[in-house]
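Novice: Quick one: the structure is below, and I'll ask about it shortly.
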Ligand SMILES: *Cc1c(COP(=O)(O)O)cnc(C)c1O
């Protein structure tokens with residue numbers, strides 16, 4: 001005799017076939033969009049070549065100070081490691097005279113030398129397109145929202161403190177390229193102290209974001225000093241760090257750093273993965289170390305032409321991030337920063353990605369898509385339309401699969 005489940009199987013069978021079909025293409029292509037973990041042998045080969053070129057030991061490679069000191073800053077050296085032509089090398093040099101570049105040996109090893117359109121390469125290697133002068137140097141008008149040196153304050157209860165202009169790698173799409181300048185410079189304790197005093201005096205500030213540049217480029221002692229100072233302010237509830245170190249310089253996430261951070265909870269870290277290839281053994285280990293110290297990790301992706309403006313790439317990235325305990329937090333629409341126009345995308349591209357993710361994968365893998373209002377108008381969320389009609393007595397929606405439904409909108 002059949003059970004009730006035989007009837008269910010019979011009646012519901014088509015339903016599950018329909019679900020499978022909704023991610024059929026992704027299932028076919030996801031194997032071709034490799035994370036760094038999936039392409040680990042190639043990355044290991046590049047690492048060996050770079051280490052040999054620099055005469056480095058494994059111990060040096062693991063030392064973030066060595067990584068910082070040995071960042072690639074010469075076009076010829078990059079060309080040698082990636083097998084670039086003389087013409088490409090000259091172009092990198094020409095762009096480098098306008099916008100500086102520096103790439104940690106580690107991040108260079110993640111670039112696929114066989115793929116000219118590698119999404120990691122595009123973020124790090126200067127492109128001739130940077131000489132296109134569209135856009136502005138400060139489209140967000142940070143200068144206009146600065147109540148104290150190092151601070152940007154656009155919101156009532158939180159602000160950012162930019163404690164350095166140093167990074168493990170200078171992203172070609174950087175929103176603050178105007179600050180990267182010719183020289184690496186940390187803000188000193190006097191400057192940072194003044195910014196912290198501003199927080200102390202303004203009691204409504206309950207959330208402080210330490211960023212840069214890359215907040216973790218400071219040494220452990222300075223980071224601990226900042227945390228001590230901020231924790232001496234009763235109205236500071238949470239402290240967040242903005243850092244790409246897990247991605248571009250994962251060696252920076254040392255046991256001694258996380259042992260400092262975890263003394264000052266609640267601490268949050270928002271990092272910045274843009275492409276699945278950035279998820280490697282090393283970046284995974286860095287994120288896990290932070291997560292094990294009780295630090296919730298968020299990812300702030302920037303939507304970038306040629307890096308991740310593809311729904312399957314973002315789906316793969318966000319799923320892979322969850323496996324290393326990083327929660328996709330934001331997708332930022334690119335800003336119209338001068339020298340970055342080759343990265344710009346249309347709003348429809350972001351909406352298509354958001355529409356694809358919802359329903360097809362874990363809600364945990366669906367971040368908020370943000371357009372930043374020009375001149376500092378702030379983060380503005382956008383979603384594809386799910387609400388088709390709203391009236392006095394009913395509201396009409398479409399589901400993630402495009403099925404239209406109505407709910408009652410009148411409470412008696
Ligand atoms: C992005 C940003 C914040 C933080 O915004 P959340 O939405 O809270 O993550 C705070 N201040 C400034 C100036 C920012 O640009």
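Quick reminder: no glycine exception, Cβ is built from N, Cα and C everywhere.
I grabbed these lines from TrEMBL:
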type	residues	note
BINDING	167, 171, 174	[4Fe-4S] cluster binding site
DOMAIN	153-375	domain 'Radical SAM core'
MOD_RES	379	N6-(pyridoxal phosphate)lysine
Novice: Listed recorded positions are 167, 171, 174, 379; which sit with C-beta under 6 angstroms of ligand 1?
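Specialist: Only 379 qualify.
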Novice: Using the CB centroid of 167, 171, 174 as the [4Fe-4S] cluster site centre, which other residues of the same chain sit with their CB within 8 A?
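Specialist: Filtered neighbour residues, in order: 169, 170, 172, 173, 176, 177, 180, 244.
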Novice: Any idea what DSSP makes of the residue listed as 'N6-(pyridoxal phosphate)lysine', helix, strand or coil?
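Specialist: Going by the DSSP assignment, the residue listed as 'N6-(pyridoxal phosphate)lysine' falls within a strand, counted as strand.
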Novice: Counting other Cβ atoms within 10 Å of each Cβ, which of the recorded positions 167, 171, 174, 379 scores lowest?
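Specialist: Selected from the recorded positions 167, 171, 174, 379 on minimum Cβ neighbours within 10 Å: 379.
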Novice: Compute the C-alpha separation of residue 167 ([4Fe-4S] cluster binding site) from the residue listed as 'N6-(pyridoxal phosphate)lysine', stating it in Å without decimals.
Specialist: 24
Novice: What's the CA-CA gap between residue 174 ([4Fe-4S] cluster binding site) and the residue listed as 'N6-(pyridoxal phosphate)lysine' in angstrom, rounded?
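Specialist: Per the Cα atoms, residue 174 ([4Fe-4S] cluster binding site) and the residue listed as 'N6-(pyridoxal phosphate)lysine' stand 17 Å apart.
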Novice: Under DSSP, is residue 171 ([4Fe-4S] cluster binding site) helix, strand or coil?
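Specialist: In three-state terms, residue 171 ([4Fe-4S] cluster binding site) counts as coil.
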